[in-house]
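J.: As annotated in Swiss-Prot:
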type     : residues                            : note
ACT_SITE : 118                                 : active site, proton donor
BINDING  : 118, 131-133, 141-148, 209-210, 285 : xyloglucan binding site
DOMAIN   : 29-230                              : domain 'GH16'
SITE     : 116                                 : site 'Important for catalytic activity'
């Protein structure tokens with residue numbers, strides 16, 4: 001009996017890791033500086049309107065065997081803060097890509113720019129992967145150069161909404177999860193940094209060719225529909241036609257000084273504990289094409 005009580009006490013005092021870790025405070029919360037925008041004021045349905053539903057402040061997208069769905073911002077931006085709170089589907093979601101991203105692929109087919117947050121589906125018992133990516137004048141053809149960094153998360157993204165955001169300014173791109181910076185991509189030269197205006201997109205689609213274990217596990221439509229929910233949209237920055245004096249929101253307390261020491265500590269924590277793939281460390285990649293590494 002005494003041993004049983006000790007064991008139970010340890011379970012209470014030392015909960016298992018995985019989806020229960022608490023992130024360190026970044027000390028600065030960019031999302032709190034940007035007001036929430038109604039979906040209809042900022043976005044339009046791009047495709048799959050029959051697979052999109054709006055209820056109060058929640059936009060639901062779903063994928064089945066017939067199609068997925070996507071939306072696009074009404075205006076292009078040349079810099080800014082772009083975020084949304086997203087809740088993912090539990091269970092078997094292999095092959096499914098749920099995304100929030102910036103792109104100008106419709107305006108520059110064949111050499112577009114793109115900045116991605118993608119949730120790559122999984123199988124029961126395994127965590128989602130959050131993939132961040134940056135394309136510069138890449139088209140999705142054989143010449144495309146991806147800059148992927150993949151993470152697991154310190155919480156279960158299927159249990160509640162969490163806020164994910166991209167902050168893009170003339171000097172750097174910062175990816176945030178609940179205001180914790182998880183990745184920075186700095187402008188070292190114009191050739192490897194997106195500078196042309198981009199639109200904001202969200203979508204759910206079948207990426208079976210590559211999304212889960214490099215395409216080994218495909219989407220299984222016995223588990224359809226695959227559902228993603230979005231709310232708390234936050235868009236603020238400089239549109240393509242803003243004056244040259246426009247300044248986007250700052251990723252840190254001190255504008256133009258980079259992330260604070262506390263934010264860098266939070267970023268280091270996230271990468272040390274949850275980074276599972278870094279293109280710069282992949283020996284199979286041709287790093288002459290990624291000089292930033």
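From the backbone N, Cα and C atoms, a Cβ is placed for every residue, glycine too.
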J.: Fewest other Cβ atoms within 10 Å: which of the recorded positions 116, 209 wins that one? Let me know.
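T.: It is 209 that, of the recorded positions 116, 209, has the fewest other Cβ atoms within 10 Å.
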J.: Distance between residue 116 (site 'Important for catalytic activity') and residue 147 (xyloglucan binding site) at the Cα atoms, whole Å?
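T.: It is 10 Å, counting Cα to Cα.
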J.: Which whole-number value in Å describes the distance between the Cα atoms of residue 209 (xyloglucan binding site) and residue 118 (active site, proton donor)?
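T.: Just about 15 Å between their Cα atoms.
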J.: Nearest to residue 118 (active site, proton donor) by Cα distance: which of the binding-site residues 132, 145, 285 is it?
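T.: Nearest in space to residue 118 (active site, proton donor), counting only the binding-site residues, is 132.
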J.: What three-state secondary structure does DSSP assign to residue 132 (xyloglucan binding site)?
T.: strand
J.: Reduce the DSSP letter at the residue listed as 'active site, proton donor' to three states and note it down.
T.: strand
J.: At a 10 Å cut-off from the C-beta of residue 132 (xyloglucan binding site), count the other C-beta atoms across all protein chains.
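T.: If we count other Cβ atoms within 10 Å of residue 132 (xyloglucan binding site), we arrive at 22.
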J.: Give me the mean pLDDT over the domain 'GH16' (29-230), rounded to a whole number.
T.: 95
J.: Mind checking which of 147, 285 has the fewest other CB atoms within 10 A of its CB? They're the binding-site residues.
T.: 285
J.: In the structure shown, with every protein chain counted, which of the recorded positions 118, 145 has the densest set of Cβ atoms within 10 angstroms of its Cβ?
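T.: Ranked by Cβ atoms within 10 Å, first place goes to 118.
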